[in-house]
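Novice: Quick paste from TrEMBL:
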type	residues	note
MOTIF	157-161	motif 'VHIID'
REGION	201-233	region 'Leucine repeat II (LRII)'
MOTIF	250-254	motif 'LXXLL motif'
REGION	295-317	region 'Disordered'
COMPBIAS	301-317	compositional bias 'Low complexity'
REGION	395-465	region 'SAW'
Amino acid sequence: MSQNESSPLKSSSSSLQVFSMMSLSPSLGSSYPWLKELKSEERGLYLIHLLLTCANHVATGSLENANIALEQISELASPDGDTMQRIAAYFTEALADRILKTWPGLHKAINSTRVVDLVSEQALVRRLFFEVFPFLKAAFLLVNQAIIEAMEGEKVVHVIDLDAAEPMQWIALIRGLSARPEGPPHLRITGIHVRKEVLDHMGHRLSEEAEKLDIPFQFNPVVGELEDLDVERLHVKTGEAVAISSVLRLHSLLASDDEPLRKKLPLALKNSNGIHLQRALQMSQNTLGELLEKDTVDGYSPSPDSASSSPLSSPVSPKVDTFLTALRGLLPKLVVITEQDSNHNGSTLMERLLESLHSYAALFDCLESTVSRASSDRLKLEKMLFGNEIKNIISCEGAERKERHEKLEKWIQRLDSAGFCNVPLSYYGMLQAKTLLQGYNCNGYKMKGENGCVMICWQDRPMFS
């Protein structure tokens, strides 16, 4: 995310030093004309400062000060501006929504007439995400190649899709299986989704493709929430070779382990470490990720709560553990899980805000490097996908907070505990995925192996595992 101004930040340190000494007080008035005079890199640093200051006020219940910070952020943030302005707009909306939830009646009244077609919206943003980023394409390649190799010589193959929303993955698998030297197997795909029409569409597309390639095929739709799934409905039969795929789905089960939404919001802040703005003033940064790296990480030391969510600790998640154990009971030959490789499931607001600022900065960085700022598809992705995820991570608590992304290490621990053993992903699949990433004409996308798993990265930051 190159800033519009390329000069080192130290050249503007005098004005930023003024910002850092300013208190956020009502005496500044309702408008801040001096904010409009900031250069791009000055504005980016100050927005980070304001966001973390505002989150601190929200977490400690100092809502008047939070309101003042939000007013200043609103002078600078913009959903169609530069990268820091865009990401700040969505974090600001999330913090404001969290404040509104302290007045449930007001929050409900403001949202009472909001009409959203969640199914159409989810289908649209998933399609845009699939087309704009290489992450899902690479995951589908890796999953399909792993299934094809694991099912070599099998006569009857049963694939279970825990989030059956994308027919293209299985159309590619059908084509791959049709090319087997020994001929295609009898293929059955079970798809799980909350909406029947989504499954009907997938079943039609897959049946059409299988008929065209003369592959014996059945589609078994299972309508319902994954959280309520009875594995008996998967109808696994004796003699079938079973493969299970979960793409960006299992993390939502972690919400079932949390206590119900507390009536008292916001949560008390257990770690009030702020940012060290002066340290950042001495640096020269060119990307939002670098701004965040210098401006937050050095000034944040995990609290006891956040230590409990570190990758080294043993994850306690009964719902997921029970679910994985049930899947293990189906005796699958293969289970492949794809998840966003981020730690968004911390127990405190400040911890989640810091972690999500870093990870979503990288996603916004991808877009800034590859898509025009004026692109309507970019605006839709940022608002309808990333904006909604950010709001859920920052604004929600309890069972309402579904976006509980966690790191690869935790998923490995859970799978080990459920009785699975790690099988390295296909070398040929990794070569295919690398070729795909190289085809994006952008050297920011990278891939690396870790513990037999694959990390798909932006620059050196793991994004999906």
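The backbone N, Cα and C atoms fix where each Cβ goes, and this holds for glycine too.
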Novice: Across the motif 'VHIID' (157-161), what does the mean pLDDT come to, as a whole number?
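Specialist: It averages 98.
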Novice: Could you give me the DSSP helix, strand and coil counts for the motif 'VHIID' (157-161)?
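Specialist: Helix, strand, coil within the motif 'VHIID' (157-161): 0 helix, 5 strand, 0 coil.
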Novice: Could you give the number of helix, strand and coil residues in the motif 'LXXLL motif' (250-254) as assigned by DSSP?
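Specialist: Across the motif 'LXXLL motif' (250-254), the residues distribute as 5 helix, 0 strand, 0 coil.
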Novice: Based on DSSP, tally up the residues of the region 'SAW' (395-465) by helix, strand and coil.
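Specialist: Summed by class, the stretch gives 26 helix, 16 strand, 29 coil.
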Novice: In the region 'Leucine repeat II (LRII)' (201-233), how many residues does DSSP call helix, how many strand, and how many coil?
Specialist: 18 helix, 7 strand, 8 coil
